[in-house]
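Engineer: My questions will all concern the structure given below.
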Amino acid sequence: MSPSNRTVSSRHTFILTGIPGVPVSSCWAAPPLCCLYLLMLLGNCCLLWAIRTERALHTPMYHFLSMLALADLGLSLCTLPTVLAVFCVPAAALPFQACLAQMYFIHTFSAIESGVLVAMAFDRFVAICHPLRYGSVLSGSLVARAGLLIVLRGVCVVLPVAVLMARMPFCRSRVLSHSFCLHQDMLRLVCGDVRPSSWYGLSAVILTKGLDSLAILLSYVFIVRAVLGTVSPGARAKAFSTCISHLCAVLIFYIPLIGLSVIHRFGKHLPPLTPMLLADAYLLVPPVLNPLVYSWKTKQIRRRLLPLLCWRGTQQRA
């Protein structure tokens, strides 16, 4: 290969980064990551199976939960190949087109998950504040249209980010800060004018996660006001208990997301380990914890999954 060809090839390849201070080819880190991804796949697939097979779970709340599980699966499977490759392949590299596609799907599934969390907050608002109208307001057709709108919003909002990034000139170091491709991380390697892409990316975050978080907050303001107006303490506790799982899902999704966005824009003086840990928490923690939280808090899911776990345990002992 001629030197000119090598130069062109290197310009269209990104070098992935593992844990700072740990050698890139560290296969000891691959088994724990494989176990984490396996737990994510098993948990979300079991959650989808339980919702599908348990008739008592065929309600709007659990239809939205199915969408959340599918978004978590998509988000994790986007990062699985590169995260494992970083710890098994020396100087793991990713072609520009593959990096661009991974960035697009990561941010798309993230926007979809944020939209699903808003739909679940609206579900809790209607169930607590207008329980007699729950069935008429959240009809099957409305849930289907809401799901389609959430997906279309995520696909359309993130698409210009990928189009703008595809036209950017990259002439600096091609070393990324993570083991996967994120918009903010790729943007810092651009040597041209990044203002259009940066401002649109910021606007997309505000129009999706920003407005979504405000909508969730507003929903819970009305929920708290309605619950506090209830006379019976037992009714208050029961109403609040129906929101615990959703609140946990919101916190484990938005806290790492907000922290990562702030660090990428304002925390350049922080050690490299900080954004790496937040990015991993943002992409790996919600898909792993969401099935555990909902399985723990929902007796119908526990009732459906318990025989399956007992049967597997019996098979292993045999």
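Positions of Cβ are set from backbone N, Cα and C atoms, glycine also.
Below, the features straight out of TrEMBL:
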| type | residues | note |
| --- | --- | --- |
| DOMAIN | 43-294 | domain 'G-protein coupled receptors family 1 profile' |
| TRANSMEM | 28-51 | transmembrane segment |
| TRANSMEM | 63-92 | transmembrane segment |
| TRANSMEM | 104-122 | transmembrane segment |
| TRANSMEM | 142-166 | transmembrane segment |
| TRANSMEM | 244-264 | transmembrane segment |
| TRANSMEM | 276-296 | transmembrane segment |
Engineer: Hey, would you say the transmembrane segment (142-166) packs against the transmembrane segment (63-92), going by three or more CB pairs under 8 A that are 6+ residues apart?
Structural biologist: yes
Engineer: Where else in the chain does the transmembrane segment (244-264) make close Cβ contacts, counting only residues six or more beyond its ends and a cut-off under 8 Å?
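Structural biologist: Beyond its ends, the transmembrane segment (244-264) has Cβ neighbours at 68, 110, 113-114, 117, 120-121, 124, 182, 184-185, 205, 209, 213, 216, 220, 270, 274-275, 278-279, 281-282, 285-286, 289-290, 293-294, 297-298.
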Engineer: Please report, as numbers and ranges, the same-chain residues at least 6 past the borders of the transmembrane segment (104-122) whose CB is under 8 Å from any CB of it.
Structural biologist: 61, 64-65, 67-68, 71-72, 74-75, 78-79, 146-147, 149-151, 153-155, 157-159, 161-162, 180-183, 204, 208-209, 212-213, 215-216, 219-220, 246, 249-250, 253, 257, 283, 286
Engineer: Who are the long-range neighbours of the transmembrane segment (63-92) in its own chain, taking Cβ under 8 Å and residues 6 or more past its ends?
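Structural biologist: Those are 15-18, 24-30, 33-34, 37, 40-41, 44-45, 47-48, 51-52, 102, 105-106, 109-110, 112-113, 116-117, 119-120, 123, 143, 147, 150, 179-181, 249, 283-284, 286-287, 290-291, 294, in sequence order.
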Engineer: Please indicate, using numbers and ranges, the residues of the same chain that are 6 or more beyond the transmembrane segment (28-51) and have a C-beta under 8 Å from a C-beta there.
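Structural biologist: Hits for the transmembrane segment (28-51): 18-19, 22, 57-58, 62-63, 65-66, 69-70, 72-73, 76, 80, 83-84, 87-88, 284, 287-288, 290-292, 294-295, 300-301, 304-305, 308.
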